[in-house]
Structures are given as structure tokens and as C-alpha cells.
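The structure appears right after this line, and notes come after that.
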Amino acid sequence: MSDFLQTRVGAALKDAALAAVITLLLASIMVGLRTKTEQGGLVIVGQWGLVAWMVGVVFVGRLAMSLLIWRGNNPVANAMNAMLPKQDTVSKIGKLVGPLLLLFAVTLPFYGNRYVIDMGILVLTYIMLGWGLNIVVGLAGLLDLGYVAFYAVGAYSYALFAQYFDLSFWVCLPLAGILAAFWGMILGFPVLRLRGDYLAIVTLAFGEIIRVVLLNWYEFTGGPDGISRIPRPSFFGLEFTRKNGFADFFGLDYSSMHRIIFLFYLILILALITNFVTMRLRKLPIGRAWEALREDEIACRSLGINTTNTKLTAFALGAMFGGFAGAFFATRQGFISPESFTFMESAIILAIVVLGGLGSQLGVVIASLVMIGGFEVFRDLEDLRMLVFGLLMVGIMIWKPRGIVSSRAPSVFLKEKKSVSGDLVAEGEG
Amino acid sequence: MSDILLSLKGVKTYYGKIVALRGIDLDVHRGEIVTVIGANGAGKSTTMMTICGVTRAREGQIIYDGENITTLPTHQIVKKAIAQSPEGRRIFGRMTVLENLQMGAAVIDYAHFEEDLRMVYDLFPILEKRQSQRGGTLSGGEQQMLAIGRALMARPKLLMLDEPSLGLAPLVVKQIFEVVKELNEKQGLTVFLVEQNAYHALRLAHRGYVMINGQITMSGGGKELLSNPEVQAAYLEGGRH
Ligand SMILES: Nc1ncnc2c1ncn2[C@@H]1O[C@H](COP(=O)(O)OP(=O)(O)OP(=O)(O)O)[C@@H](O)[C@H]1O
Ligand SMILES: [Mg+2]
């Protein structure tokens, strides 16, 4: 018996039993006995079933926590890890996964039904947003909790330009990006000296301010009513209409699917541009400066990096891609209101970036698929959906504390080519 | 062209209300190795950070190469070819050795990158072996070499080193100091060295300053200070080390 208690499972059981006893004691008094008003005064009723439940939950929960999470060498997470390929192989597979996913995306409209393609559009929108935010959070290390603000700026820019000036989507798209970038700088200036938690709070507030302004500036933005009948995008001037549109021009039978497929490719291209630009920038001095800034700001300054410019460009570029995505969102939905730009959106996008592994482009894709796809798959579970979803996220974080793709590919190689794996660095794991 | 490369005149630096430097005067001549020694909290690192403007002098002047740089932004000060290996090395932990070195060259727009990289690798061959390894996974000594190498990538006229010997084995300290000496003798590099390891620092330096509590209390030739009984008593444990 004493041998058994010395094993980890034994110790965990003992610990869980102790916690259960404490719960029993506390719950007996506080929950088990309940006073009730009846005719003739107070009576005491027992709620022992509830107490039993609580004790059970504490026991199981505590046991699970100490086996799975608290201990350094936790058997379950290790077992999960052992089932997975090693990081080295992952980066080899990673080289294949990217192109395969791209191939999958490009060919999706040929065999997907409308529901699947709609889902694809949604996932791609989040991938694009994730990639945009990845510049700010993943590369430059600036924790931004108000990213949705730029998404909103982009969406409203297009909607308002279209409403007041009758400008087309293709004219508004760059405008939306520029305006969002401009707002990115506006946010950037006051927070230049802030880091970490403080930065997070201010960006959170910024996101809310934008939403509140949109909500209350009734004459201009329509307030809570939002803006409806936002024009749909055209295909080089060809509308997706029943008559004299895209279908007629190409001699096709009219189908409402044309527009959906067009939107799908549009967001795919926008997202790919985001990815391409980010990958290019990572190899340029500015991209390296972002990463260095994430690592150590003082070192950056003492190396002669202009940290002000570096931060502002990160904010501006991240915001710009958010703006593009916003304009796309507006044209796709045809209707926008401040409802769509709540903190929840920022949180989801940030979760995608963090779960994906800060700074990893492929990680963002996988995390978007898991998260947005997960939302859909669990749709039937109604209330349980968030719970299942939360568990999923906790699971990923136990199993991969540094995100799904934790290896960081160096931006330069000279002679040998070798990925530097996250596994080489033990800190923060376990 | 004056002989003096860097001079501090009555520099006072504060952290909020706390005074860290109470009026520092010191000169660094071209081609010289100058060291500042002092106990913990004397203000050595603050002096270095004030020179490159990471912390700001509230009073006094910093003249570099005949120009007053006291209020210039840090990145412009560094552009004038002042490079440093800061306290605690401040390696970019998740970036590779090569990327770290590349960051050093950013300030001169990667001019002569390959050539300078070769030079650094020749000085510290271990860095070449480790070039694709993450900076954070290097040993302390290797990180110090990387920090110095990174600073050299900027082709500095003035190299500032903050406690390069901290936490390193005597042999590694010797190796690093030898490299500094070589750079100074062969390339005429001016070095400003902040150290607690007074014995090594004073043996290496042409001149030294002793700093106590934000003030310079003594100065003189390296050998001269080394044999000064006061210095020996306070920093060399009666001559032993
Ligand atoms: N960021 C800061 N905020 C407040 N006080 C500081 C700060 N940095 C340094 N100080 C104070 O300024 C004084 C000088 O510090 P400094 O780091 O320059 O000492 P040092 O000589 O480099 O010491 P060491 O040899 O331990 O590195 C110390 O009293 C220290 O507490
Ligand atoms: Mg110091």
C-alpha cells in the first residue's frame, strides 16, 4: 500500500481524496443543511445528494488536474505527445501541409456544396484576420485586444463610401485598407511606450471606443440599425445578376452560386496576399526588427533600431489587412452593424493567433480551421457548444503550450538549412 | 580632429526622483580602452545607457566626436557608430545566432555584411558552429560572445561593453578579454568597458575610473589603479582576485 501511495497516481489519489474530504466538511455545513421557511417556522432540510455531487466533482476534477496539468512530467499529456510525430517530422510534414491546404482551398468550389463554400469563406476571413493580427501580436509582440476595430473601420469605410459617394468595391477596398492603417497609427502613437498588460488594456479600450462611436453616431453610421444594402462586388464590372451580368457574358446559366464562388476566391486571394506580404516582410529588415522588438526592446534600441517606426508599421500593416478583411465582410454580408464588431471577435482572432503558435502562418490556418470549424460542428450542442469548445482550447494548450506550430523558421540561412524547433527550448513547457 | 572621442561633462541621471549619476566627468580618447569599475549599484550601467540615450541625462553634456549627442534619439546616437553589448547581454532568444548578428548590422544597412560576419566568426569560431541555433539556447559565455559579435557587426568606432565577464568561467573571461585587446590593438577600436571584475578590467585598460554611488572618485592609468592600495582594498580583496 505504501508503495502504491508513492507512485504518482497514488499521490494524486491521496491528494484528491483529501480535497474531497475538505469539500465534504465545508459542503455539509454550507450546502448540506438548508433552512426552509414552512408553516410553524424554520425547518432544516438536508441536501445530501447535492453534497455528494460536489464531493464527486471535486475528487474527479482534482485528480484530473493533478494527473494532467500540475505535475511536471504528466503522463497523459506525454502520452498524447508520444502519439504525435516529433517536431522535426512536423516541420517536414509542415512543408507539405501548406501546399496541400492551398490545393484543397483552390479546388474546394469544384466539389463543395453551398454550405461548405460558405464555411470556407468564413474560415478564410478568419485566416486573413489571424494573419493580419499575427503581424502585430505574433511578430512584433504587441498584444492587441482591439483588433476588431480595424475590421470595423474597413467594413464601415466601404459601406459608407458606397452609401454616400457611390464608390465601387474595387475603389473602396484600397481605401478601406488605407483608412484602417491610418487608424492603426492613431492607436499606435499613444501606446508606443506601453507594453504587455497595459498595452492590452488600452487596445481593448480602443476597440470598444470605435464600436461605441459606430453605435451612437446615428446620423452617420445608422447606429444600431447598421447599414444595409451594401453593394455586392462585381467581377471586373460584371454584376452577378440574372440579366446582363456575369452569367450572360460567359454564356452560362444563371446561378446564385457564381457569386458565392467568386467571393470565395476573392477572400482566398486577399488572404494569400496577406500571407505573401507577411512572409516577404519577415525576410526584410523591418520584419526582423519586429521580431527583435518582440524579444527585447532595449536591445533593439541599443542596436540603433527606430522602435517608434517599427511599432507603428506593425500596427499600421496589421490594421490594413484587418481593413481589407472588413471591406470584404461588408460586401459579402450586404449588411453591417456594430453587433458584428464586439470584443468577442477580437478574442476569437487572438485565440486563433495564440493557439496557432505566435508568429506561425500555418498555425493560424490550422487554428482557424479548428476554431471556426469547431464552432460549426458543435452547433447542434447548443449550450454545450461553448463548453466543448473551451475544453478543446484547454486541451490544445496542455498538449502544445506554445501553440500548434511552435517551431519558428529562421528568416535567413547561410550554409546549412535547419529549422530551429520549439522543442529545443524547454522554458514555458510542461 | 580632436583626440577625444567621447566625453561626459557633469552628467546627472535620475530614475524618477532617485539620482543615479551625480555629475559624471570622464573622457575616452581615440584608440583607448577605458574602464569604469565600481560596486553593485554604483551607476556603471546607467552611465552606459545614458551615453546611448536609453536613459536620459537630466543635466550635463555628452560630447561624441565633437558633437553634442545628449538629446539625440537613441537610434541616431547608435548610427554614429557607437555599439554596445548591454548588461545581461540581451540576446534575441528566439532568433538564431545568425539573425542576432544580422540585427547588429541593421544600423549600417547591412553594408559589408558577409565580410563583417566572417570577421566575427573568426574572432569567435564557436558562433559559426552555432549559427542556426537559437540565441536563447547558447551558454552564458557563448551569449556574451554573441552580444559582442552583434555589436561589432555595426562597425563601431566606440564599443561599449557592460560586464562582459559576468558569470563566466575564468578561461572564457580571458578569451573574451583577449579578443577585446586584439580588436583594440589591431583595428584601433576604442573600447569603453564597464566591469566589476576590477583585476581583469584594469589590467586590460589603458585608463580606469572608479565609480562609487553615482560619482567618479578616482581615475588613473590601469596599472596605476591596480596597484593603488585603496582600489586593492575595495575591489581586489587586498590584491588577491
Ligand atoms: N530602471 C531603474 N529604475 C530605478 N532605479 C534604477 C533603475 N535602474 C537602475 N536604478 C538604480 O540606479 C542605481 C545605479 O544602477 P546601475 O544599474 O547603473 O548600477 P551598476 O553600477 O551597473 O551595478 P551592477 O554592477 O550591479 O550592474 C542603482 O541604485 C539602481 O537601483
Ligand atoms: Mg550594471
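Even glycines carry a Cβ here, placed using N, Cα and C.
Here is what TrEMBL records for this protein:
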type	residues	note
TRANSMEM	A:12-31	transmembrane segment
TRANSMEM	A:51-72	transmembrane segment
TRANSMEM	A:93-111	transmembrane segment
TRANSMEM	A:117-137	transmembrane segment
TRANSMEM	A:142-161	transmembrane segment
TRANSMEM	A:167-186	transmembrane segment
TRANSMEM	A:198-218	transmembrane segment
TRANSMEM	A:260-278	transmembrane segment
TRANSMEM	A:312-335	transmembrane segment
TRANSMEM	A:347-372	transmembrane segment
TRANSMEM	A:384-401	transmembrane segment
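Only pairs six or more apart in sequence are counted, and the transmembrane segment (A:167-186) with the transmembrane segment (A:117-137) gives fewer than three Cβ pairs under 8 Å, not enough to call it a contact. Counting residues 6+ beyond its ends, the transmembrane segment (A:347-372) has Cβ neighbours under 8 Å at 94, 97-98, 101, 119, 122-123, 126-127, 129-131, 133-134, 137-139, 141, 144-145, 147-148, 275, 278-279, 291, 294, 389, 392-393, 396-397, 400, 402-408, 422 in the same chain. For the transmembrane segment (A:93-111), the most Cβ-contacting stretch among A:51-72, A:142-161, A:260-278, A:312-335 is A:260-278 (pairs under 8 Å).
Taking Cβ pairs closer than 8 Å, the transmembrane segment (A:198-218) reaches residues 142-149, 152-153, 156, 183, 187, 190-191, 224, 338, 341-343, 346 in its own chain, all 6 or more past its ends. Listed as Cβ neighbours of the transmembrane segment (A:142-161) (distance under 8 Å, sequence separation of 6 or more from its ends, same chain) are residues 129, 132-133, 136, 167, 169, 171-173, 175-177, 179-180, 183-184, 187, 191, 195-197, 199-201, 203-211, 214, 220-221, 227, 230, 311, 314-315, 318-320, 322-331, 336, 338, 340-343, 345-347, 349-350. Three or more CB pairs closer than 8 A are found between the transmembrane segment (A:117-137) and the transmembrane segment (A:260-278), so contact between the two stretches is assigned (pairs 6 or more residues apart).
With a cut-off of 8 Å between Cβ atoms, the residues of this chain six or more beyond the transmembrane segment (A:260-278) that come close are 102, 105-106, 108-109, 114, 117-118, 120-121, 124-125, 127-128, 131-132, 134-135, 139, 233, 235, 240, 246, 287, 317, 321, 324-325, 328, 331-332, 361. Distant neighbours of the transmembrane segment (A:312-335): 121, 125, 128-129, 131-136, 139-140, 142, 144, 147-159, 169, 172-173, 176-185, 187-189, 192, 226-233, 263, 266-267, 270, 274, 277, 281, 286, 290, 293; these residues of the same chain sit at least 6 beyond its ends, with a Cβ under 8 Å from one of its Cβ atoms.
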